[in-house]
2 protein chains.
Amino acid sequence: MRLLKQIGDRVKPVKIGIVGLGTVGGGALNLLKANAAEISRRTGRDIIVSHVGARRDYPQYDLTGVTVSRDIFAVVNDPEVDIVVEVIGGTTTARELVLQAIANGKHVVTANKALLAQYGNEIFGAAEAKGVFVAFEAAVAGGVPIIKVLREGLAANRIDWLAGIINGTGNFILTEMREKGRDFADVLKEAQALGYAEADPTFDVEGIDAAHKLTILASLAFGIPLQFEKVYTEGITKLTREDVSYAEELGFRIKHLGIARRTADGIELRVHPTLIPEQRLIANVNGVKNAVLVQSDAVGSTLYYGAGAGAGATGSAVVADIVDIVRSLNVENINGVPHLAFQPDALADIPVLPVEAVKTAYYLRLQANDKSGVLADVTRILSENGISIEAILQKPAQEAGTVPVIILTKPVIEREMNRAIGGLEALADIVAPVVRVRLEALDA
Amino acid sequence: MRLLKQIGDRVKPVKIGIVGLGTVGGGALNLLKANAAEISRRTGRDIIVSHVGARRDYPQYDLTGVTVSRDIFAVVNDPEVDIVVEVIGGTTTARELVLQAIANGKHVVTANKALLAQYGNEIFGAAEAKGVFVAFEAAVAGGVPIIKVLREGLAANRIDWLAGIINGTGNFILTEMREKGRDFADVLKEAQALGYAEADPTFDVEGIDAAHKLTILASLAFGIPLQFEKVYTEGITKLTREDVSYAEELGFRIKHLGIARRTADGIELRVHPTLIPEQRLIANVNGVKNAVLVQSDAVGSTLYYGAGAGAGATGSAVVADIVDIVRSLNVENINGVPHLAFQPDALADIPVLPVEAVKTAYYLRLQANDKSGVLADVTRILSENGISIEAILQKPAQEAGTVPVIILTKPVIEREMNRAIGGLEALADIVAPVVRVRLEALDA
């Protein structure tokens, strides 16, 4: 099944085909060249890019000695190529291309989280049947080796939960809103100008990109199949700078977290803005940086931090995957490292919980008419729904006649909170929709 | 060379022999039992502890079905044992034991940083000749998989430097001194009572333990042989709570760091108290926790954080190593992951610099007679030695007639700082030895 079985092949360079020369592909190409000597010292083999597939010219890259094809399938069908790097993005052509590479007996390295979150079960199944690797360190948290950590480094542990800042664009926006008191829309425009956010920022700011990544992390952590469609996903577009600032007054930061948690009833999979205590290390991860906090039964909490995007960071992850594969060539690796951390026949069928069944504390912001009795009504409704109050912050009036009231609650099942918010919004003296942001202590 | 080559052996449980049942050995034993199902889902093999060597009884552990030997060499000579876990500590018997296990064709997992820092070149050479693994994730930063990160996760990078809080006892003491304004000796006593520090705390507070770990990290980062004897090592015993508090007033935290840095002239290897800007993530790693910050050319800075000691954390690392080995059994792995990250024949002969050649900024604390002209003398001497001042903090008099003067300098070669301090201490109006603590911006 494995390539390069013959002893004679062990000294031959390993040949890489890269499909797509955007940020990730270009980063990997440059890195393989710049650090060729260092990498060869680590692997005992030379690694060369022999074939590149790209639908247009990329004059910024030196492609001397590299075959360049406009037909990207020419790369996966090239008998000389040992490892295919798929970095075109998207899910339709990418899926065909990866499956074709696998069918051709080639190892694959991909950075494509959308592809894996949606078609990973099919792709890994094909790879296992064919005896090739599909490696994907660059798919989550860029250059931070979080895939390897979950699959190998923490392999002794039963993982209880993980919480990650896994979208740099969102974290940049929230950091700017807090540090400079800016509005969401204003920072988003800057992020787009800086190249941190796409022209259509939906994937980033609505949490879809984070949900793709969380799908992958949860599968590795708990040994469950990839289930993107079950992730509860909420963006950061409705957060105001006031919310960010009130949270800070109360000792919290707002982060856009992806959270996967094992409970007695099933797995929680959720991406949403979250208040976390400011003294937590992960609360202090700012700008475009990523971090993943993992709580496991033996080691306790560990945290992994670094650049989540950019040519260097993603190139580093792609090339680390290549190094892993090269180091394991000549190997008939029956019990090797499984794609999803657990052996394919040992994936568990634990249910993923609906978000209504999730229990968290809450930050609530109500805009109330500035008259007596309103607060009494509010606390009565919360109490009737079994919700205890942790803190109340009443701010001076901003608009004529109304005052913002901020409430931190103790943990409550989302279903009950929904009912309580329905009751609050029905009050005559509550004038705007109630803003809610979940709060996680992330105790560790 | 590898064990268990036969197909039939693939389904047989892998048998572990544990030598030493202290914190680490007991942690691994309990973890292999508690998480047996989860671990077997990850490896596709059952893993059982079949033999334990311990020189006394450990009634707290359930050893049903396990052979227990008072003669610890019986474990490494047991033909049934596939993997030996060496966790007795020390370097004399441990060295013999590990070499004997290797000679017997057994894989070894060890948590013994002193052994590897001092005899690692010999041990890894023997293991490579015999075709067995010697794994050592538990040797540095407990349950944080920093060995795997450096050897595999960052394999695409040229690593520029790393800086680690790699001794939990020292970090606990410094954290207590800062948070509660306590004295070193007072906190040390508490650390001993809590079991964080040994009765003889020298290894921890004088930086020897950290130097062992730094030796290992530097070898993995740069591809150089283990060179413990060349690490510059300075403890935290001379730090006062005043130093900790003055540093804080100036916007810094004092951490006991192990630093390895590649410069044009050679490698810096040093363990010493270090001021770092308080906004750095690593400055906020408190208590007994460990963290390692790695600066590499492609991914930039990444940080790895978690528990550095304790049964759960070290057990997690030992068992992760066992999982790695089990996953790679049945493998004829010529170009596998090398012990020291780089292929044995590709280690580099880069010189390790003497500490006098290292350039850092400094915190200086002088006790000066409270009269005019002293500060002028001090700044003149610094200036004559080419040292620029970043900040001066003059505190009110504490003792009769003398005042503390705190100076932050810009970066300067240690040799020049030594000369300047000699000049300062020769001044008639400087009454105590000059206290110096190095300062690293850890820009990333």
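Positions of Cβ are set from backbone N, Cα and C atoms, glycine also.
Look at TrEMBL and you will find A:Lys213 tagged as active site, proton donor. Long-range Cβ neighbours of A:Lys213 (active site, proton donor) (same chain, at least 6 residues apart, Cβ-Cβ under 8 Å): A:Lys113, A:Ala117, A:Ala139, A:Val140, A:Ala141, A:Gly164, A:Ile166, A:Asn167, A:Gly258.
Under the heading NADP(+) binding site, TrEMBL lists A:Val19, A:Gly20, A:Leu21, A:Gly22, A:Thr23, A:Val24, A:Gly25, A:Gly26. Listed in sequence order, A:Tyr58, A:Gln60, A:Tyr61, A:Ala311, A:Gly315 are the same-chain residues at least 6 apart in sequence whose CB falls under 8 Å from the CB of A:Gly26 (NADP(+) binding site).
Of all the Cβ atoms in the protein chains shown, 24 others lie within 10 Å of the Cβ of A:Lys113 (NADPH binding site). The NADPH binding site feature in TrEMBL is assigned to A:Lys113.
Here TrEMBL flags A:Glu198 as L-homoserine binding site. Within the same chain, residues at least six positions away from A:Glu198 (L-homoserine binding site) with a Cβ under 8 Å of its Cβ are A:Gln192, A:Asp204.
Across the domain 'ACT' (A:363-439), the prediction's mean pLDDT works out to 92. Marked as domain 'ACT' by TrEMBL: A:363-439.
According to DSSP, the domain 'ACT' (A:363-439) comprises 23 helix, 30 strand, 24 coil. Annotation for the binding-site residues A:Gly20, A:Gly22, A:Gly25: lowest Cβ count within 10 Å of the residue's own Cβ, A:Gly22.
Reduced to three states, the DSSP call for A:Glu198 (L-homoserine binding site) is coil. Residues A:Ile18, A:Gly27, A:Ala28, A:Leu29, A:Ala54, A:Val87, A:Ile88 surround the recorded NADP(+) site, their Cβ atoms falling within 8 Å of the Cβ centroid of A:Val19, A:Gly20, A:Leu21, A:Gly22, A:Thr23, A:Val24, A:Gly25, A:Gly26, which are themselves excluded.
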